Amino acid sequence: MHHFHYKNNKLYAEGVPLTEIAEAVGTPCYIYSQATLTHHFKVFDNAFSDVPHLTCYSVKANSNIALLKLFASLGGGVDVVSGGELFRALKADVSPKKIVFSGVGKTEDEIKMALEADILMFNVESEAELETIHEIASHLGKIAPIALRVNPDIDPKTHPYISTGLKKSKFGIDIKIAEQLYLKANHIPHIRVIGIDCHIGSQLTLLSPFLDALERIKLLYQKLEAQGLKLQYLDLGGGLGIPYGEEIPPHPTEYAQAIKAAAQDLNCTLIFEPGRVIVGNAGILLTKVLYLKQGKGKTFIIVDAAMNDLIRPSLYHAHHEIKPVEKMERPLVVADVVGPICETGDFFAQGRKMPLVQSGDLLAIMSAGAYGFVMSSNYNSRPRVAEVLVNGDRYQVIRKRECYEDLIRLEKIPEWMA
Ligand code: LLP
């Protein structure tokens, strides 16, 4: 569900025609719909309203502070994976007691920052990290609340780059040795063991991997309980997929029902770290057609956005629908939609049936709200694009387009060349 719809053959974000935003802000730009963001957050969160739970939006999916502020105002917490994300969350007034800190390589500075902020819990990914957290906590005279991120060795049946819960991946602690480490951690003075955590991958379109992982985690939870270690939090990570094209992932309420049924005898607070399911379909990348070029047996539609703005098609061969902002009677052609970057991998679609657009036409690359802007770069010295939030009939730029000066702001010509 989202609020990008055609009215009189023109594509709108809620009440605002995309042509209006293109004119005022320029292209390319990301456009997010606040009504969609709010709806997605509420649907997910309300699906668990009858059990103790905390929805910790995964900041990495889209870290704009306006979005973090919105989710915080809806009662959400966040999942962060770096000092930078923690900084953003605190700036957006997310309550520290609703922040969980994940990630395989937390630095000493990041751990210190999180301890000083009094976050809810660290999701610890190795014994070495546990020791470092303990050292820093004792130095600061604090007690660090932790969960161990357990790797349940489950195949999430998604793209290999976003599968994290298999034994061969770098993530989490092997479930076979987790019990030992829990019992050890429980006796470390500046560590308070309060939870168990797992995240098996992203863009999951089946329920079964979630439930298989939960079964394994439950066994561990119960073994620990039998040994007198009662855990308060069960963090099941994120990972629920969204429809980009033909796929039909489980609806959040279906996911919630299955998880609640499986976890009902555990009597603990559930934590979730959804990212994509909240923001993915709430955003688009608006781009303009620069040129058309006839290749062998296909047409190249060259647009002003590129792989540096949205890398998912290049990196994962991810499918994103591409819609004309103004629908017109046009013949269909088989086209590659490509950007201006000097790489063959710079494409948004290959061999796609597209209306024969013309130079100057606007296109909307759909489902770009998650892992879009956050993965963008300055490759080819392209300034990063603007981000716009639409709310009903209003819209506002929530991140300015970078300018050329921004590109070199932190660079310096060494003295010996001056
Ligand atoms: N929690 C942890 C520990 C994670 O590693 C992730 C995502 C999430 C939560 C949120 O997962 P989600 O609900 O969004 O699936 N760049 C890739 C996705 C990478 C996901 C990384 N971890 C893409 O564009 O598909």
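Every residue, even glycine, has its Cβ placed from backbone N, Cα and C.
Per TrEMBL, the features are:
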type	residues	note
ACT_SITE	Cys342	active site, proton donor
BINDING	Gly239, Glu273, Pro274, Gly275, Arg276, Tyr371	pyridoxal 5'-phosphate binding site
BINDING	Arg276, Arg312, Tyr316, Glu343, Tyr371	substrate binding site
DOMAIN	30-369	domain 'Orn/DAP/Arg decarboxylase 2 C-terminal'
DOMAIN	36-279	domain 'Orn/DAP/Arg decarboxylase 2 N-terminal'
MOD_RES	Lys60	N6-(pyridoxal phosphate)lysine
C-alpha spacing of Arg312 (substrate binding site) relative to Gly239 (pyridoxal 5'-phosphate binding site), in angstrom: 16
Recorded positions compared (Lys60, Arg276, Arg312) - the one with the fewest other Cβ atoms within 10 Å: Arg312
8 Å Cβ shell about Gly239, Glu273, Pro274, Gly275, Arg276, Tyr371 centroid, pyridoxal 5'-phosphate site members excluded: Ser58, Lys60, Ala61, Ser202, Gly238, Leu240, Val277, Ile278, Ala370
Binding-site residues listed as Glu273, Glu343, least Cβ neighbours within 10 Å: Glu343
Cα distance (Å, whole number) from Glu343 (substrate binding site) to Arg276 (pyridoxal 5'-phosphate binding site): 27
Among Gly275, Cys342, Glu343, Tyr371, the recorded positions whose C-beta sits under 6 Å from ligand 1: Gly275, Tyr371
Average model confidence [pLDDT] within the domain 'Orn/DAP/Arg decarboxylase 2 C-terminal' (30-369): 95
Fewest other C-beta atoms within 10 angstroms, as judged across Tyr316, Tyr371, which are the binding-site residues: Tyr316
Among Lys60, Glu273, Gly275, Arg312, Tyr371, which are recorded as recorded positions, the nearest neighbour of the residue listed as 'active site, proton donor' by Cα: Arg312
Assigned element (helix, strand, coil) containing Glu273 (pyridoxal 5'-phosphate binding site), judged by DSSP: coil
Pro274 (pyridoxal 5'-phosphate binding site) and the residue listed as 'N6-(pyridoxal phosphate)lysine', Cα-Cα, nearest whole angstrom: 10
Helix, strand or coil at the residue listed as 'active site, proton donor' [DSSP, three-state]: coil
DSSP state at Tyr316 (substrate binding site), helix/strand/coil: helix
